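Can you read through this structure? Questions will come right after.
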Amino acid sequence: GTTPVNIRGEPILSRTGGWVAAFFIFGNEMAERMAYFGLSVNMVIFMFKVMHRPFTSSANAVNNFLGISQASSVLGGFLADAYLGRYWTIAIFTTMYLLGLIALTVSASVPALVPTQEGCDKLAMLLGACAPAAPWQMAYLQTALYVTAFGAAGIRPCVSSFGADQFDERSAGYKRRLDRFFNLFYLAVTLGAIAAFTAVVYIQMQHGWAAAFGTLALAMGASNALFFVGTPLYRHRLPGGSPLTRVAQVLVAAFRKRNAAFDSGDFVGLYEVAGAKSAIRGSAKIDHTDDFRWLDKAALQLEGAGGEENPWRLCTVTQVEEVKILLRLLPVPACTVMLSVVLTEFLTLSVQQAYTLNTRVAALHLPVTCMPVFPCLAIFLILALYYQTFAPLARRLTGHPHGASQLQRVGLGLFFSILSVAWAGLFERYRRGYAVRHGYLALFLTPMPDLSAYWLLIQYCLIGVAEVFCLVALLEFLYQEAPDAMRSVGSAYAAVAGGLGCFVASAINTAVDAATRNDAEGRPSWLAQNINVGRFDYLYWLLAVLSTINLLVFVYFAKRYKYR
C-alpha cells in the first residue's frame, strides 16, 4: 500500500521522482509564496490608500486573509489524504489561486470597482475624509481575496509533502536527502518572498496596483504551467480514504467499550488484520505503543463480541496508532503559534516603525514596504551556508548526524524569536524617546533624518534565524513523524499553526487596544495610529514574555516526545 505509483496508478518507473521532479515542485511553491507575501505587504496599503479603509481595519482584514489561508489548510490536507491525492489537490487549488489573483488584478484595473480618488490627498486620507468604498466594491474585493486564500489553503499542506514523496524512503541516504530537500524547499519559499518584497513593490511604485497584482497572476500562471509539465516525472502516493472518518471510528469504538477491562476474562487481544499489509491503503502497519491506553479499547477484541466487519465497533491497531500519533504531534506545532504571532506583528508594526526612520543609505533610498525583505535575505544566507557552517559545528557539539534533532532546531528557533522581539522592544523605546526629544511627536509619517531604519535589521535578522531553525525543522518533523496515509494532514498542522498565529495576533491587538485606551482620561492606546504617541515597545515586551512562557512549555513536551 505504500509503494509509489505514477499518475495512472501504475507501479513507478525507475526514472521518476528524485531531484528533477522536486525542482518542478519548487517552482510552484516559489510563485505561491511570491503571491502570498506580495498580497500581505501590498493589500494593507491598497485597502488604506485606494479603498479608503482605516489602517487598523485594513491590517485586521489582511491578518484575517492570512489566517484563513493557513488555518483552512487542513481542508487541502484532508482532500489530498482522503480522496484526491496530493497531485490533483495541488492542480485544483493552484488553478483557484490563479483565478483569485486575476480577479484582484481586475479590481485594481477597473475604476468602477474602487471608490473615487478625487480630493483624496494625504491629509484627507489621514482624517478619514476620502470617499468610502461602496459595500458591493468591498464585497467584490473580499470575494477575490478569499478565493485566493482558499487556493493557497489547498496548496500549502500538499506541496512540501508531494515534493518529499519524490524520494524513495527505502534507499540509502534517504534521511540526508530529505533534510536537504526541506532546506531547499524553504529556500524556494524565501526566494518567492524576496521577489514579493522587491520586484513586486518596485512594479507597484512605478506602474501601479494593476501591474503589481497582474505580475503575481503571471508568476502563478507560469508556475502552474511548469508544475503540469513535470507530470510524467512525479511519484504519487495512493490516498488512504478519509482520515477524519478513521479518527472518528477510533473515538466511537473506544467510547463504546469504555467500561471494558484489559484484564477481563473475555479479553482476546488487540485486533489487527493478518498478513504483512495494513488494512489502510497507503499505510504500512504501525506497531502498538503504550501511550493513550484508553484509545486501545477501540482495538479491544472480546470473546463472542463479534463486530470484526464494523469499524465503528472494532478498529485495527494501526488505525488506533494513527490517532495516537496525531495526538502526540499536536503540542509541537501548537508551540509554534507564538512564533507566527511575532512574525505577523512584525509584518505590520515594523513597517509603521520604518515610516518614521531614514531608509536612505548613501544614494540608495529603499521604500518602506521593502523592509520585510531583510529577514528573507537573512534566511537565504543562513540556508545557503547551513551545511558549511552550522551543521558541522553543531555535529561536533551534539554528535547528531544532522547537527541537531528536529525538535532541538524548533526550540532553537523559538529562542531566537524571543531575542528578536526583545530587541524590537528595546529599539522601539529608544526610537520613541528620540521622536519625543526632537519634536517629532505629532509627525508620525515624517522620517527622522538622523535615525536610520537599518537598526531594524537586527530584529529582522534574528527573526529570520528563528524561521530557518523552527519552520524548516517543523515541516521535516511533521512529514517524517505523521502516519503514512496522513502526511498531508500532518503538514497541515504547520499551516494551521501559522493561521492561528494571525488570528491570535489580531486578538492580542484588539485586547491591548481595548485595555490601554481611555478616551475619557485622554490616554492613548499602545497601538495608537500615531506610533510616537503609542507604546509599541510595551507590546513587544508583552510578546517577549508570552514567547518565553511558550518556549518553556515546548521544552516540557519536547523532552517527553519519542520519535517513531
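Cβ atoms here come from the backbone N, Cα and C positions, even for glycine.
Per TrEMBL, the features are:
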TRANSMEM  90-114  transmembrane segment
TRANSMEM  184-203  transmembrane segment
TRANSMEM  209-229  transmembrane segment
TRANSMEM  329-351  transmembrane segment
TRANSMEM  363-387  transmembrane segment
TRANSMEM  407-426  transmembrane segment
TRANSMEM  453-479  transmembrane segment
TRANSMEM  491-512  transmembrane segment
TRANSMEM  538-558  transmembrane segment
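Can you tell me where each of these features sits in the structure?
Panel annotation: around the transmembrane segment (453-479), residues 160-161, 164, 178-179, 182-183, 185-186, 329, 332-333, 336, 339, 342-343, 346, 350, 353-354, 357-359, 361, 366, 368, 371-372, 374-379, 382-383, 386, 406-407, 409-410, 412-417, 419-421, 423-424, 427, 431, 487, 490-491, 493-494 of the same chain, lying at least six beyond its termini, place a Cβ under 8 Å from a Cβ of the stretch.
Same-chain residues lying 6+ beyond the ends of the transmembrane segment (538-558) with a Cβ under 8 Å from its Cβ atoms: 331-332, 335, 337-339, 341-342, 345, 349, 407-408, 410-411, 414-415, 417-418, 421-422, 424-425, 428, 508, 512, 526-527.
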Considering pairs 6 or more residues apart, do the transmembrane segment (184-203) and the transmembrane segment (209-229) have at least three CB pairs under 8 Å?
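Checked: the transmembrane segment (184-203) vs the transmembrane segment (209-229), in contact.
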State, in range form, which of 90-114, 329-351, 363-387, 491-512 has the highest count of Cβ pairs under 8 Å to the transmembrane segment (209-229).
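Most contacts with the transmembrane segment (209-229): 90-114.
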To the transmembrane segment (329-351), which of 90-114, 363-387, 491-512 is linked by the most Cβ pairs under 8 Å?
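The stretch I would name here is 491-512.
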